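Heads up: the structure comes next, in structure tokens.
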Amino acid sequence: MCRLCGNRVQKRAAHARGYKPKLCITYVEKISAKFGVNVENDESQKHPKHICHTCYCKLFNKKQCVAKTWNSHPRTGPCQVCEQWELQAKGGGQKKRKFPNIQRRDVNVLNSCIHGPKVPQLEERFQLMTPDEFKCGRCNKIASEALESPCQHLFCLNCLKEAQAAESDTCRCNVCKQAFPLSEVSSPREYFHRVVSLVPVTCTLCKATIPLQDAEKHLCGPSILQRPLHTPLTPAMEAIGSHILKSKLRQSSDGATVSFKTRGQPIQVMHIPKPRKDSNEALPATVRKRCQLLAQTRAILSKECPGPQLVQEVKQLAKEDLKVTLDQLNLSRVTIPKGDFLTVKAEICTTWKKARELKRWLRQYGITSESEGSLREEQKGIISDNVRAEWVPMLHKEDDGGTIIKTTPLVGVKSLSQKIFHQLNGLDRLALLKWNDAIPPEEIWVKIGGDKGGGNFKQVFQLANVDHPNSPQNTVVVTIFEADDTMANLKIRLHQHCQQLLKLPKMMWKDKTLRIFLFGDYEYLCRVHGITGASGRHCCLWVQ
């Protein structure tokens, strides 16, 4: 809004062209002198800060008025200035000068008549089959802008003007040999306009016969095809090519691409509008349309396989340009997959506080992961109130070879069957359960075992109905404690699982029976079965 008149400061067209409105603070003194408005103490929240172009022009435009009266002044004799002032004060236009002894010519007689159509001179390219009644009575060519004489013969307008310019008021007809005054010419008969436009003419190049009205726009097929490609096109050829291209675009399915037949592969043409602004200044909607056009072009060039083509385009970029582009798109960030960060936390045995510090440190390098709430929900779903942790007395070896009982931390699942069924449900949901020739389709094979390593003993189970059942990814720990796997420790602390193992073969999972196997090294198997000194006495151990 204008500060002075209250109208709109700028029209949309001026804003689109980049014109900036004028600020009031720049012309404080002129506004005060011209309009009597003090804008120096204006508040930005109450007063508009711009002026419109009309008020801006009033600040600088000065009307220069001429004095309405001419003051008398002393003079001797007539004054040319006073006479001219009195003459102008009377008003009215100046009268035209008249020249005596010069006869008036009937110049407007020829132009006032309605003459026939203008016929171009086409004798070089076309063979005119013109009847004699359509020829000019003076130049013996087809009458162009024809006028009719009193003897009912046709004449060209230019021929009559030439006769008039020769200081002659009459013209002689070459057909009937009669002279007639130029003031008596008239418009041709009504049928002449229609008939002369349909006079057949024959092209000397392509031998095509066309009406006279289409002769000027006629383009010979052989002559166009024989033109050198570097020869500039005529305006008529430009217009025809533009019309053909627009017609093909209108008839195409997508309205953007057309194809032209050749003797070999067809030529495909795509309509790309000429940009008026670069993408930095264009509107977001315009930039999106350009992106769609680029995607459509990429699909055509790649034959509906734009993925590899886009990869090659990205590879062609310089590393610095690619880095800047990725920074602008925020695509250089790496997201840790769901569940992997919880695995890392469990592997490094860190607390939630340390895990938060690790997440903040990784975020500095563009590496993000799940929120702590999501991680806790995942952990809760895995544990599902089936974990027990306690301090229990266990046997430990001393340095002097003796043994001592110490309270030792022990962590394990409460229900072994619940953990096995939970694992089976997860694998079944992911469609990872498989049966081979060795495993019957109505059985689930479960392997129970243990091993000591790194100062800890781990009781685990593995499901054989998966790919790579012996891999660490398919091994689930059910009990862990920091003590040796002596017979006493195994017998006392694994008593609960032993009771559950006896019940597992009697359970069913989705109409399938469970078959239990025991695995581990030879020493572990001997201790589980209560065999002492087996290393030197038994070569193998078989349990049915």
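FYI, residue positions are counted from 1 along the chain as it appears here.
From the backbone N, Cα and C atoms, a Cβ is placed for every residue, glycine too.
Annotated features in TrEMBL:
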type	residues	note
BINDING	C2, C5, C52, C55	Zn(2+) binding site
DOMAIN	1-79	domain 'ZAD'
DOMAIN	136-177	domain 'RING-type'
Structural state census, the domain 'RING-type' (136-177) (DSSP three-state): 9 helix, 8 strand, 25 coil
Among C2, C5, C52, C55, the one of these binding-site residues whose Cβ has the fewest neighbouring Cβ atoms within 10 Å: C5
C2 (Zn(2+) binding site): secondary structure state under DSSP, collapsed to three categories: strand
Shell of the Zn(2+) site beyond C2, C5, C52, C55, same chain only (C-beta within 8 angstroms of their C-beta centre): R3, L4, G6, N7, V9, I51, H53, T54, Y56
Mean of pLDDT values spanning the domain 'ZAD' (1-79): 78
